[in-house]
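Only one structure is covered here, and it is reproduced in the block below.
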Amino acid sequence: MDAITPLPPVSGLVLAGGRGLRMGGADKGLVDFRGRPMVASVLERFAPQVAELMISANRNLDAYARFGHPVFADDMADFAGPLAGLKAGLARARHELVATVPCDAPLLPPDLVARLLAALLREDAEIAVATAGGRSHPVFCLCRRALLPALADYLAAGGRKVDAWQRSRRRVEVAFDDAAEAFANLNSPADLPPAG
Ligand SMILES: Nc1nc2c(ncn2[C@@H]2O[C@H](COP(=O)(O)OP(=O)(O)OP(=O)(O)O)[C@@H](O)[C@H]2O)c(=O)[nH]1
């Protein structure tokens with residue numbers, strides 16, 4: 001009989017630190033989605049997939065803390081983008097592997113982490129990124145905590161683009177064409193379902 005290798009635990013990081021300009025400057029994770037803050041749906045879908053949860057936020061930290069997980073702000077001036085949140089998350093993660101999702105994708109796939117993890121281990125990659133319909137979704141990713149020094153250097157040199165940074169590393173894409181609708185971000189009021 002083959003020995004079964006246990007899967008490594010994954011730390012989960014919800015990125016909720018953006019400016020939300022397309023949402024009129026609202027803190028998107030706290031915007032109502034089906035009667036509760038959008039981040040509540042994200043956490044509910046993400047929690048069963050990871051061994052710990054963390055929230056990266058730059059405003060309303062107390063409101064995010066009510067969900068019972070560690071919340072922390074970026075340690076960079078202004079809003080430097082999702083990579084600043086990833087840097088803070090990699091620095092705090094308890095596990096070697098860290099999965100990220102945005103706070104504005106309340107329908108994220110229930111097998112997101114399992115599929116990213118399988119590909120990352122199979123390819124011995126540094127980063128696994130979800131794609132759907134030929135488009136990459138770089139904030140739905142799994143990456144190795146050991147990338148922290150390289151990420152810090154990229155940010156210190158002024159790099160801000162998630163996709164460009166990921167492509168500079170050993171990266172594997174994972175196609176979720178069967179679940180493309182799960183990657184729909186709710187970026188503006190027009191994306192939200194009608195209240196009621
Ligand atoms: N920690 C952290 N997260 C961020 C930052 N900028 C964006 N994010 C998060 O990354 C994800 C993708 O961000 P976008 O939707 O592209 O940007 P946004 O600022 O939220 O929205 P727009 O201002 O409308 O572009 C969202 O979940 C954001 O909350 C940042 O500076 N720090």
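Placed from the backbone N, Cα and C atoms, the Cβ positions cover glycine too.
What TrEMBL says about a protein is an automatic prediction, not a curated fact.
Computed from a predicted structure; not experimentally measured.
The GTP binding site annotation in TrEMBL covers L15, A16, G17, K28, D74, D104. Listed in sequence order, S56, A57, N58, R59, A73, D74, F79, P82, A84, G85 are the same-chain residues six or more apart from G17 (GTP binding site) with CB atoms under 8 A from its CB.
TrEMBL lists D104 with the feature Mg(2+) binding site. Annotation for D104 (GTP binding site): same-chain Cβ neighbours under 8 Å, separated by at least 6 residues, are K28, G29, M38, V42, N185, L186, N187. When secondary structure is read from DSSP and collapsed to three states, D104 (GTP binding site) falls in the coil class.
Annotation source TrEMBL lists domain 'MobA-like NTP transferase' at 12-164.
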Annotated GTP contacts L15, A16, G17, K28, D74, D104, maximal Cα-Cα distance (Å, integer): 18
Secondary-structure category, per DSSP, in which D74 (GTP binding site) falls: coil
Neighbourhood of A16 (GTP binding site) by C-beta distance under 8 A, where only residues 6 or more apart in the same chain count: D27, K28, G29, V39, I55, S56, A57, Y64, G85, P102, C103
Set of same-chain residues at least 6 away whose C-beta sits under 8 angstroms from L15 (GTP binding site): S56, P82, G85, L86, T100, V101, P102, C103, V139
Collapsed DSSP category at G17 (GTP binding site): coil
